[in-house]
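Engineer: Straight out of Swiss-Prot:
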REGION    39-71  region 'Disordered'
CROSSLNK  LYS233  ubiquitin cross-link
BINDING   CYS266, HIS270, CYS293, HIS295  Zn(2+) 1 binding site
BINDING   CYS290, CYS293, CYS310, CYS313  Zn(2+) 2 binding site
BINDING   CYS305, HIS307, CYS325, CYS328  Zn(2+) 3 binding site
BINDING   CYS355, CYS360, HIS372, HIS376  Zn(2+) 4 binding site
DNA_BIND  389-456  DNA-binding region
BINDING   ASP600, ASP708, GLU962  divalent metal cation binding site
Amino acid sequence: MAASLPSTLSFSSAPDEIQHPQIKFSEWKFKLFRVRSFEKAPEEAQKEKDSSEGKPYLEQSPVVPEKPGGQNSILTQRALKLHPKFSKKFHADGKSSDKAVHQARLRHFCRICGNRFKSDGHSRRYPVHGPVDAKTQSLFRKKEKRVTSWPDLIARIFRIDVKADVDSIHPTEFCHDCWSIMHRKFSSSHSQVYFPRKVTVEWHPHTPSCDICFTAHRGLKRKRHQPNVQLSKKLKTVLNHARRDRRKRTQARVSSKEVLKKISNCSKIHLSTKLLAVDFPAHFVKSISCQICEHILADPVETSCKHLFCRICILRCLKVMGSYCPSCRYPCFPTDLESPVKSFLNILNSLMVKCPAQDCNEEVSLEKYNHHVSSHKESKETLVHINKGGRPRQHLLSLTRRAQKHRLRELKIQVKEFADKEEGGDVKAVCLTLFLLALRARNEHRQADELEAIMQGRGSGLQPAVCLAIRVNTFLSCSQYHKMYRTVKAITGRQIFQPLHALRNAEKVLLPGYHPFEWQPPLKNVSSRTDVGIIDGLSGLASSVDEYPVDTIAKRFRYDSALVSALMDMEEDILEGMRSQDLDDYLNGPFTVVVKESCDGMGDVSEKHGSGPAVPEKAVRFSFTVMRITIEHGSQNVKVFEEPKPNSELCCKPLCLMLADESDHETLTAILSPLIAEREAMKSSELTLEMGGIPRTFKFIFRGTGYDEKLVREVEGLEASGSVYICTLCDTTRLEASQNLVFHSITRSHAENLQRYEVWRSNPYHESVEELRDRVKGVSAKPFIETVPSIDALHCDIGNAAEFYKIFQLEIGEVYKHPNASKEERKRWQATLDKHLRKRMNLKPIMRMNGNFARKLMTQETVDAVCELIPSEERHEALRELMDLYLKMKPVWRSSCPAKECPESLCQYSFNSQRFAELLSTKFKYRYEGKITNYFHKTLAHVPEIIERDGSIGAWASEGNESGNKLFRRFRKMNARQSKCYEMEDVLKHHWLYTSKYLQKFMNAHNALKSSGFTMNSKETLGDPLGIEDSLESQDSMEF
């Protein structure tokens, strides 16, 4: 058996004794057990070591150099003698032996091109299914791409799928030539990328007439002939013919260059490289010259194969010769042409060239060459056009319009005749095209590109929507924007920004009242019109002479129209959310939209301007936020949108603005009652709205959670916050809450408050005032807005911080020892605390607690600073433990999703709240004996139940609306008008546009570029994003 096998097959090429599916395992096994007869002699090992050291260094990928055929044949025969059981086995199974021999021979061929590997000892191979080598990895790293294995690259370049290869049919390696093709494809070199085969090589399973095995057998049996003299003569003749053909091809190549030069025909408009002022090296000159006309590059463009040409030359050649690169014949189309990198253009424009004009020896940069030559032409023209005996002939541009018409009369007639004959009378198009060609001929391509953009209707300026985003986000009124527009246009001479009328057209699409919609069933007591924009706040209210007079200015959107506009503004986000959940775009719902409602009063919004009725110097704002959108899919609801920043002013959309006092119950009900009526009607109806070209159905869930305690009591008909019924969630009294600090549950609801109001109004049991008050648990007015029994996280922080501020003062005065302190002493404690906090914590004293002060006050550093003013160590420990417990509990009601953001604090909340209550009733008994604050009660008793019901407290807070209050002040100052009525319209419209997600995307794109370092001044920012608890300012907004 050993004699019958060809001796040219090496040990690694699987001879007879290793005709086994696990060939490599056999090799590894022999090395592992170090069979003595297989071990090489020391001389052989040394020779191999020397030869391997002498070989050139290859990449660190699995490159397999081929060894000469006869090197391991003796080794093979020895192995055959040592392992007779292998030979017996393969004698018995001849078919498997043939397949194994076929598989061994396959290893001598390239998988991609099918060529046989060279047997010179230096042939490099690469495993088809192996990792990418280091050189290729570094190349892709420069290209900012990531590739780890060969199959993806082979499929991308050669369109060959090697992932399904079988070792008995396909070769497992490819050659260095194919590797070079892949490397050149992705490198920036100018070398030609050429694959020698047009058809993919097909590999078939082994058959008796197999091409690979058949050619191998024939190759072994071929005899060598004696050299023939006549044959050598024929060979010489063939070589001569080959030389002659080579010379012809060279001549053809030269002649093709001449043809390309004739096609480009640019010798009169492009500069020769001989005009260069410096004698540069030949390679540099070649790099800055066009590869068609061999002139200096004029308006250079780069092809996808990284060759540089003049724009005119390459476009002419592509038109005449076809869509391929003249240098490397790689497919190339006019749309593939791109401008080279700026650094190359800077080098090109800085080259100094000699002026070819006579009597001018100036050397000018290529960038200023056109201007320099045009000065020569102008001076020449002024010398030519002189009337002898008359006054000098003036230049065309210096003439009056009448004189220009007179001089160009004949040309105008000719142009008009041409336009009527060829272009359907479009004189403007003919003149603009002539101007465009003149600019191109003088290499003034920047102006030509701008003109071409204007001719195509694109314009060189910004889109109206981008200009609107800039105006809204930079807080410019219409008049201020118009001044900026005129100034920029006058200075630059170009219309970069769009005029105001274009912005107003863009506004219409984004404001409520633009999109048609329908309700099924129709909304009760609400008009079916859809083109309703800003309306008066009192519209929809049936007024009579005997009613309470309403002295207010109020502007609002209709609630359903505003919701439609908000949904259409989020159209892209909704459709993208459906795609991300693998849902079809054509699904029409029903979608369920969860809306957070917020309302808040503002004090002191007085202005020193404006006419109209005398209205209160306070304001009330009602707004909403789309929190979540789900779609019914099968038996479950799939979430397609969730607001990532539910407490940002960027998503809190204004619905109603009024100049009124929130404590004025009559005015508040008069303005908000129509709005609430629309809301109640929408609860039992479905909206049909066309989105993405398909009518879709929406249902709405309204959750009134963005109210502070004062306003909750106002709209739910409860007594004021000083009442003995201290909680808006349960019926407990202040005394009961102080005795039982933790164990309470939510019992109040809007429906129950309405029933209790009827009992309060009618007194069916004829009880006394005290008995009746105890029966209705503090309900004293008719509830008119449904709110969700919850806690507002922001006001909870502010209320608790105010209480800690009071505790600090009492601890400084040691009230636990001396409870009966005078007012003067208490004021002195407060002054001492304010002075110390200002010195140590840089906290300036304020008249009223706000979110920013509360955040800074509630820290361990503040407690350490306060402890410096308290002599007792025992009180230090009590204060520190109280603050530590509070800081552990705070994240639970502040975070948007406590189960994800702070699961440990959520689990420990009940324990921490009980310990906190224990401290209040023991160490701080002097303050909390028989009483407790409203927010301490809510914090200790109701937080876990609300989290279990809603999943979050912080996400449903009123921070976005509070931040919107600051925006209201800013918009009002910005949109100052003589009429307060129009002023409120401007504020409402501007605030709505400020919350548009469509406009925010333009600003987010700018911010992304800015953070990447593309802007001029990356250090200059408008401020870090601040939450409402930080400063209640609007600086965390879109930035421009």
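In case you wondered, yes, glycine gets a Cβ from its N, Cα and C as well.
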Engineer: Closest of the binding-site residues to CYS266 (Zn(2+) 1 binding site), Cα to Cα, picking from CYS305, CYS310, CYS328, CYS360, HIS372?
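Structural biologist: The smallest Cα gap between CYS266 (Zn(2+) 1 binding site) and any of the binding-site residues is with CYS310.
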Engineer: Translate the DSSP assignment of CYS313 (Zn(2+) 2 binding site) into the three-state scheme.
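Structural biologist: In the DSSP reduction, CYS313 (Zn(2+) 2 binding site) maps to helix.
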Engineer: Measuring C-alpha to C-alpha, could you say which of the binding-site residues CYS325, CYS328, CYS355, HIS376, ASP600, ASP708 are within 10 Å of CYS310 (Zn(2+) 2 binding site)?
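Structural biologist: Within 10 Å Cα-Cα: none.
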Engineer: Just the number: how many Å between the Cα atoms of HIS270 (Zn(2+) 1 binding site) and HIS376 (Zn(2+) 4 binding site)?
Structural biologist: 17
Engineer: So how many other Cβ atoms are close to CYS290 (Zn(2+) 2 binding site), meaning within 10 Å of its Cβ?
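Structural biologist: Step by step: centre on the Cβ of CYS290 (Zn(2+) 2 binding site), count other Cβ atoms within 10 Å, giving 26.
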Engineer: Tell me the Cβ contacts of ASP600 (divalent metal cation binding site) under 8 Å, same chain only and six or more apart in sequence, or just say none.
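Structural biologist: Same-chain residues close to ASP600 (divalent metal cation binding site) (Cβ under 8 Å, separated by 6 or more) are VAL620, ARG621, GLU662, GLY706, TYR707, ASP708, LEU711, SER958, ASN961, GLU962, ASN965.
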Engineer: Within 10 Å of the Cβ of HIS270 (Zn(2+) 1 binding site), how many other Cβ atoms are there?
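Structural biologist: Cβ-Cβ neighbours of HIS270 (Zn(2+) 1 binding site) within 10 Å number 20.
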Engineer: To the nearest Å, how far is the Cα of CYS328 (Zn(2+) 3 binding site) from the Cα of CYS290 (Zn(2+) 2 binding site)?
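Structural biologist: Distance between the two Cα atoms comes out at 14 Å.
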Engineer: I need the most crowded of these binding-site residues: ASP708, GLU962. Count other C-beta atoms within 10 angstroms of each C-beta and give me the top one.
Structural biologist: GLU962
Engineer: Please average pLDDT over the DNA-binding region (389-456) for the predicted structure.
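Structural biologist: Reported value for the DNA-binding region (389-456) is a mean pLDDT of 84.
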Engineer: Please list, for the DNA-binding region (389-456), how many residues fall into helix, strand and coil according to DSSP.
Structural biologist: 50 helix, 0 strand, 18 coil
Engineer: Which site among CYS310, CYS325, CYS328, CYS360 has the most other CB atoms no more than 10 Å from its CB, taking these as binding-site residues?
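Structural biologist: Counting Cβ neighbours within 10 Å, the top one is CYS310.
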Engineer: Report the nearest neighbour of CYS355 (Zn(2+) 4 binding site) in space among the binding-site residues CYS290, CYS313, CYS325, comparing Cα positions.
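Structural biologist: Comparing Cα positions, the closest of these binding-site residues turns out to be CYS290.
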Engineer: If you draw a 10 Å sphere on the Cβ of HIS376 (Zn(2+) 4 binding site), how many other Cβ atoms land inside?
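Structural biologist: Its Cβ shell of radius 10 Å holds 15 other Cβ atoms.
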Engineer: Around the Zn(2+) 1 site (CYS266, HIS270, CYS293, HIS295), what further same-chain residues have their C-beta within 8 angstroms of the site's C-beta centre?
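Structural biologist: For the Zn(2+) 1 site the neighbour list reads SER264, SER267, ILE269, LEU271, SER272, CYS290, ILE292, GLU294, ILE296, ALA298, CYS310, ILE312, CYS313.
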Engineer: Check each residue in the chain of CYS313 (Zn(2+) 2 binding site) that is at least six apart in sequence and keep those whose C-beta is under 8 Å from its C-beta; list them in sequence order.
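Structural biologist: The list for CYS313 (Zn(2+) 2 binding site) reads LEU260, SER264, CYS266, HIS270, CYS290, ILE292, CYS293, given in order along the sequence.
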